[in-house]
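Novice: Residues or ranges marked as transmembrane segment by TrEMBL: 47-70, 116-140, 152-173, 185-202, 284-304. Per TrEMBL, the feature domain 'ABC transmembrane type-1' maps to 117-304.
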Amino acid sequence: MASDKRLTAEKQAAIQEKKLRKLRRRKVNISTVHVKKSKGKHINSSLGGDIAIFILLALLGIFMLFPLYYSIIQSFKPISELFVFPPKLYVIAPTTENFSNLFKAAGNLWVPFSRYVFNSVFITVVITIMHVFVCCCCAYCLSKCRFPGYKFFNQLIVTSLLFTSTATGIMQFVVMAKMGMINTYWALILPNVATSMGLYLMRQSMSTINDSIIDAAKVDGAGVFRTCWQVVIPNQKPAIATLIIFVFQSAWNVQGGALVYQENLKTLPTIMSQIAASGIARQGIIYASAVVLMIPPLVIFLIAQSNVMETMANSGMKD
């Protein structure tokens, strides 16, 4: 009897163990199924998010490029298509009449048209060179030299970004008048050299350089100026290329100061705006002048666009 009871107990224990094994297998299978489902949902959700972001960026890109496209097609439209409502987003009979009328109107000015071209090129090149030089020197001092009050100057630069050239235009004119620079090229150059945006960009870029490199240059006997121009500046080529693009675009489109000085000091954008706004101009001349003025900055940007992307990607990084 005792042996029978032991056998039945062993059988029951074996049966219970089998049931437990089955339950464990079922739990493992259920958990793996849930994991697979969750992975599938994660993949689907990430793919859907990428598609949504791509569509959003594509729409944003179209929205930003539309004014450029619209100006170009409007500049090649004849007068019969310019005033059609609703306006068409393509050209039926393209023509260069608007550009020829623009240069004919420019040829009838008091000052030769070549003088305006020279003013724009000369002022833009001088502003770009001086601004890049000043920003590189000052940015190195503000980012790597710990002199008394450097934090105050850094905060002052950030604060100055809040003020536009329109807000400071009157004071700039007063300063130029007291310095005796009215009706000279310096009255158009110096106010555009002394801007804080480029200095802020270069300071942020130079702050990413490891201090050990500068310390090694000091150990080798290099001074501040030599360290800046032989060690730091060669590593800042992408940032300098980006700064050149921004400064060139800003200097090329400068108009405010040129309006209050002599006629022979006016720049190409200023005279183009006056021609487009005059009574003899047609609607197409406005778009033609806009296309002509956007060509130099666009060419500079296309040449150095890879450096711009690299600078924007690394501007928030610090070793």
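Each residue's number is its place along the chain shown, starting with 1.
Cβ from N, Cα, C; glycine included.
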Novice: Same chain, outside the transmembrane segment (284-304) by at least 6, Cβ under 8 Å from its Cβ: which residues?
Specialist: 68, 71-72, 74-75, 77-79, 82, 97-99, 101-102, 105, 241-242, 244-245, 248-249, 252-253, 268-269, 272-273, 275-276
Novice: Which stretch, 47-70, 116-140, 185-202, tops the Cβ pairs under 8 Å count with the transmembrane segment (152-173)?
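Specialist: Looking only at 47-70, 116-140, 185-202, the most contacts with the transmembrane segment (152-173) come from 185-202.
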